[in-house]
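To start, the structure under review is shown below, and the notes come after it.
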Amino acid sequence: MGTVAPNLMEVSATASVHKENGVVANPPKELDAGALFVLKSQGSWLHCGYHLTTSIVGPVLLSLPFALTLLGWVGGLICLALAGLVTFYSYNLLSLVLEHQEKLGHRQLRFRDMARDILGPGWGKYVVGPLQFGICYGAVIACTLLGGQSLKFIYLLSNPDGKMELYQFITMFGGVTIVLAQMPSFHSLRHINLVSLILCLAFSACVTAGSIYIGHSNKAPVRDYTVKGSAKDRNFGIFNAISIIATTYASGIIPEIQATLAPPVKGKMFKGLCVCYSVIVTTFFSVAISGYWAFGNEAMGTVLSNFMGDEKPLLPTWFLLMTNVFTLLQVSAVTVVYLQPTNEVFEKKFADPKMPQFSTRNVVPRLILRSLSVVVATTFAAMLPFFGDIMALLGAFGCIPLDFILPMIFYNATFKPSKQSLIFWVNTLIAGVSFLLVGVGAVASVRQIVIDAKTYRLFANM
């Protein structure tokens, strides 16, 4: 059984009082149970890279060929590259702000803490906190739905006449998630997230190889790379595609991931981001280019659907099974990562930081509350199998502000660059354009919900 003493000593050492020009910086504060137990600061930059990769690189990247159908070759690849550059820049800005705060003796461990200290208490409590919680818990629901769909796909491949329905598979996936949710801290996921990194490389390689194989086979569909639809549909399609790409690159938990780093944190986040983005470049571009090349403007919402063909699968059953097993295992890791903000909130409210982490006083509420949160997410996933459309709307309102707008504002507010400097105007431009995308992306998402509404049914077997 562990005790809290080592962590308190660690924090005290890293948050020791600094003196700059004779001014005493902020003295260290005693950590609450959420920060102490869930956001343990014990990881290396490699562990950080694993966490970052799992939070960004997931099965959602299988939608990238579809995004290219809405933009075409040139527009699609430019948007894909530009979003990668902007998010890498944005996440580095967040890291620099966090490092600066640590240097002043006030290490911020959560997104809402940054908003509270930089923009004011109301921003953390009423804006950033709810936004982040909604996005992260929404991601848990979406991942649970995706896990259930992957299980059903595997089941139907092995038993084409099977009668089991989607909600049953979602329930099975939720049962596995309840077990994984009991991992005590974000740092304790480091080995799971290393496996997740390997798995995302594996399923991306399978999808890329499958697309190339189909493209060169006699089963290859007739390829057309023109953007389909009326002028109105094409315009809305552009913003849908940008929203898909932005959401694919989104994380929403960068401060919480940096909080897992053992002090001093300077320079470690940049190394972790380099690990993450090397995987991103490898997977995102290979899947997007090969999938769009093989299927053209017939690429579906997930390229795995194209592999099934109109009448029979275009790839061997064993290959489809292997790809889906990789996807299923990886999405389980993504689900647990996005449970961490919820776990941290529960721990802060209901755990006692003065008691050992694994004491009965702390273990019982942890077990009950984490299990309950997974049960609720699983219920929503089973009830709302069309949750992907809702998540697109949440993504427009949450992912873009958290990952494209707030980092620019935090940097300008913290370091106060001159209004004549390039970095000030680059940050302002990115924030301004992103703000416009929030509005347009929300409108496009609502339009898609209206179009799809006729197919919505609770507990539908989709």
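The backbone N, Cα and C atoms fix where each Cβ goes, glycine too.
TrEMBL does not curate its annotations; it predicts them automatically.
Residues annotated as domain 'Amino acid transporter transmembrane' in TrEMBL: 42-445.
Taken from TrEMBL, the feature transmembrane segment covers 70-94 (among others). Tertiary neighbourhood of the transmembrane segment (70-94): same-chain residues 64, 114, 225-227, 234, 237-238, 240-242, 245-246, 248-251, 254-255, 258, 269-270, 273, 277, 280-281, 284-285, 288-289, 292, 403-404, 407-408, 410-411, 427, 430, selected by CB-CB distance under 8 Å and a gap of 6+ residues from either end.
Tertiary proximity for the transmembrane segment (126-147) is limited to same-chain residues at least six positions away from its ends with a CB under 8 Å from its CB atoms, namely 58-59, 111-112, 114-115, 169-170, 173-174, 176-177, 250, 252-253, 328, 331-332, 334-335, 338-342, 345, 373-374, 377-378, 380-381, 384-385, 387-388, 390-391, 394-395, 397-399, 401-402, 406. Summarising the annotation, TrEMBL assigns transmembrane segment to 126-147 (among others).
Feature annotation from TrEMBL assigns transmembrane segment to 167-187 (among others).
The transmembrane segment annotation in TrEMBL covers 194-216 (among others). Using a Cβ-Cβ cut-off under 8 Å and counting only residues 6 or more beyond its ends in the same chain, the transmembrane segment (194-216) has close neighbours at 49-50, 53-54, 57-59, 61-62, 65, 223, 279, 282-283, 286-287, 290-291, 293-295, 303-304, 306-307, 314-315, 319, 322-323, 326-327, 329-330, 333-334.
Per TrEMBL, the feature transmembrane segment maps to 236-254 (among others).
Here TrEMBL flags 275-295 (among others) as transmembrane segment.
Nonlocal intrachain contacts for the transmembrane segment (315-339), taken as residues 6+ away from its ends with a CB within less than 8 angstroms of a stretch CB, comprise 51, 54-55, 58-59, 62, 136-137, 139-140, 143-144, 146-147, 150-151, 153-154, 157-158, 173, 176-177, 180-181, 183, 186, 189, 192-193, 195-196, 199-200, 202-203, 206-207, 210, 213-214, 253, 304, 307-308, 370, 373-374. The transmembrane segment annotation in TrEMBL covers 315-339 (among others).
Taken from TrEMBL, the feature transmembrane segment covers 367-384 (among others).
Annotated transmembrane segment per TrEMBL: 390-410 (among others), in sequence order. Nonlocal intrachain contacts for the transmembrane segment (390-410), taken as residues 6+ away from its ends with a CB within less than 8 angstroms of a stretch CB, comprise 86-87, 90-91, 93-94, 97, 111, 114-115, 118-119, 128, 131-132, 134-135, 138-139, 141-142, 240, 243-244, 246-247, 249-252, 254, 384, 427-428, 430-431, 434-435, 437-438, 441-442, 444-446, 448-449.
The annotation transmembrane segment is assigned in TrEMBL to 422-444 (among others).
Beyond its flanks by at least six residues, the transmembrane segment (422-444) meets 86, 89-90, 93, 236, 239-240, 242-243, 246, 393, 395-397, 400-401, 404-405, 408-409, 411-412 of its own chain at Cβ-Cβ distances under 8 Å.
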